[in-house]
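Q: Take a look at the following structure, please.
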Amino acid sequence: MPGTNDASYNNEKKGKLTSLLAFFKSSKEPAPAEDNKAVSSTEKAQTQVQQSDLISRDLSWLKFNERVLDQATNEDRNLFDRLKFLAITSSNQDEFFTIRVGSLYNYLDFGKERLDYSGLREIPFRKVLMRELHDFIRRQNECYTKQLVPLFAKHGFRVVGLEEVEADEAAAVEEYFERTVYPMLTPMLFDYTHAFPVLLAKVLVLGVITQVKGTTSEEDRKLSFVQLPLNLPRFYVIERDDELLFIPIENIVRTHIGKLYRNVDIVSTNLFRILRNGDFTLEESDDIESDFIDEIKQKIKNRRLGRVVQVSIEPDTNPDLLNLIKKRWEIDDYNVFPIEGLIDYTALWGIIKHPEFKDQIPPIHSPVPPLGLDRERIPDIFETMRERDILLHHPYNNFEPVLQMLEQAAEDPKVLSIKLTIYRLAKNSRVTEALLHAAENGKHVAVLFEVKARFDEENNIREAQRLQKAGCFVIYGIGLLKTHTKLLLIVRNEGNRVLRYAHLSSGNYNEDTSRLYTDTGLLTSNEEYTHDISEFFNVITGHSIPSEYQNLITAPRYMRAKLIELIQQEAENAKAGLKSGICIKINSLEDRDTILELYKASEAGVPIRLIVRGMCCLRPKRQGLSENITVRSLVGDFLEHSRIFYFHQDGNPLVYGGSADAMVRSFDKRIESLFKLVDPRVRQEAIHILYYSLKDNVNAYELMEDGNYKKCECPEGVAPLNVHEAFYDVTLDEVMATHLFEDEAPQPVHHEPAAENGQTPGAGSPAAGSPAAEIPPLVIEESTEADLS
């Protein structure tokens, strides 16, 4: 398989290629990434991307990361906030290369065909995508070097090299190197007797070229690699009276590299970092459960050998080193990214979290009690849930009621069983501890534990096995489907009756992310919900065919069809002159069938308001296609993660919450659920979340027809509305008075005649009056599972 074999070359001249120069004389020069003809071809491909009625999923995701980078360039933000957002763009980018670019190379390397939503095949799409990535990373570097670094001194710190420290400070650094760093370094030579080393992804590496001392002959040059230890801090910190100096570990090692290479001359030392393809899929198997876990563990190990998809490297790197790694990993200039600033901006967390800056970082607002409750911790959670449904809106409301529900159930002698689904857990999870205590106390605990959660596989397997050893009934996912739904059911004996209590949510059972992600969760004892969830768990843990539920819509069986039916109903209402409207808040919109139905509803006159935080493949505001659709994205202090679906229904709205986005993977490859909000007050609270999200004029960006996003500016004379602050001060009266679409009449679309050249006024749109459904069918790739957020 291309790019995956890190053993030494099969060298016919073995014994002769003793030098780096000889190696290059035996090999061909790597081809340049593109010539003039290729540039012209790439520009044509970019034009095709613009004309398509569907926006490329990957290019749309890059636009999301641009909006995150926009926070790092925002001069109104605190410096440490800006550093945080730059670090987030870097971790986002790592995952994008590892999963999405890795997935693309799965097609390229194996000759499989794939069409992007823009209609481009793999090779031209790679060029368009990689050019966009180069442009983005250039802007990352400019943000760091030109906007942020000049502010460091004003805030009491600098990032410096050893050449900028005093003699006594340099001596302390040298002692640190010799005592702590040096013992962990291993030079790895590459020549005819040493195989090319397996270099790890996301690790800083120094490529070192040496030659015999005193000689100038290139025949005597050798190449070796030094991986810098991951388990040491990226920065050595020198504390002065008036400032902190952060010295990158690569600067320290480079300065003292001669101690690793004695009695030879150092020709060059260059820093780089690689990312490998981490996208893997599991195959159907009739093996027993233990083999399924073993297969996942093996796939995790295989990630370290995945083909190289990106190299971040210092500018002006020794050309011999650069050409060798391009040849070795079968990559070209598209995959090589010169970094003017800091290689791997996730290292900035080491500065942000330094205790010295604690007072300079704005504190997070304390959570407030849910509407209608006067306290966070409820004396008896089950008594409160019997009285009414409670909608939790995190992080504005604490996650504590959910944890209290589990911890009280674990100790309550009346509780008979606990059933829940787990996708991602906190590092030191109170959820796990509560389940362990419940099992120890003799309660029946059943857990559907998704061990295929991307990059959490090892942690989830470990935690699932802990629960299993404690006596819990653990299901390790359902075949190739990924369990993404968030459901909890507790059964309690209350004397003459048995009652069930439930929690249904958009977010994970993770108390850490609940402070950073906006999610909604419903606490209820309503039998319509608890009956559905009981049926759901019976389907999952036993052998029965799922049927339609009262208040749940589940995937992969029913969700797409039900949502399309609801969209079509709004279109019919608009055609009949009834009030209509659709408002959907999700993380991603990618499912083609759903998009086409939204286009048709728009043409029928339905006002459609979409709040899509991340990737959106729908193209709004295109004449003859989507004039009645607006798309906005909220990017700010919290990660928008809640999903809410609103259908106006002529003034009798249907509102759903849940875990699913409108994506192929959500509808076809995941176990997901949406739940109808039946309690009038809870439904109004969800509508108010949509209302505020549509009114935000601080964090909002609007998607334009060309696929770019425009920052929504606060109009003069209008008070700023930042939802990440405003939701802390919401009142029940305000919520109950909120309405959507009440002032919007149906908006039928009247198309202009086609222009003389036969084209419609909107570039790339269908001929006037033609249905959106006539967009040619595409061959869509197998969806990868990365959430990239």
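Every residue number used here counts from 1 along the chain in the order it is shown.
From the backbone N, Cα and C atoms, a Cβ is placed for every residue, glycine too.
Predicted automatically and left uncurated, TrEMBL annotations should be read as such.
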Q: According to TrEMBL, region 'Disordered' applies to one of these ranges: 11-51, 298-338, 749-789. Which one is it?
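A: It is 749-789 that TrEMBL annotates as region 'Disordered'.
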Q: Could you tell me the maximum Cα-Cα distance in Å between the residues recorded as binding ATP, namely N92, Y517, R613, H641, rounded to a whole number?
A: 16
Q: Just to confirm my parser: what is the rounded mean pLDDT across the domain 'Polyphosphate kinase C-terminal' (380-544)?
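A: That region's mean pLDDT is 93.
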Q: Please tell me which one of the recorded positions listed here (R424, R454, H484) sits closest to N92 (ATP binding site), measuring Cα to Cα?
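A: Comparing Cα positions, the candidate nearest N92 (ATP binding site) turns out to be R454.
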Q: Using DSSP, how many residues in the domain 'Polyphosphate kinase N-terminal' (55-159) fall into helix, strand and coil?
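A: DSSP composition of the domain 'Polyphosphate kinase N-terminal' (55-159): 82 helix, 3 strand, 20 coil.
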Q: DSSP on Y517 (ATP binding site), three-state: which is it?
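A: Where Y517 (ATP binding site) sits, the three-state DSSP reduction gives strand.
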Q: By the DSSP assignment reduced to helix, strand and coil, which category contains H641 (ATP binding site)?
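A: For H641 (ATP binding site) - judged by DSSP and reduced to three states - the answer is coil.
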Q: CA-CA, which of the recorded positions H484, Y517, R613 lies nearest R424 (Mg(2+) binding site)?
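A: Result: the closest of the recorded positions to R424 (Mg(2+) binding site) is H484.
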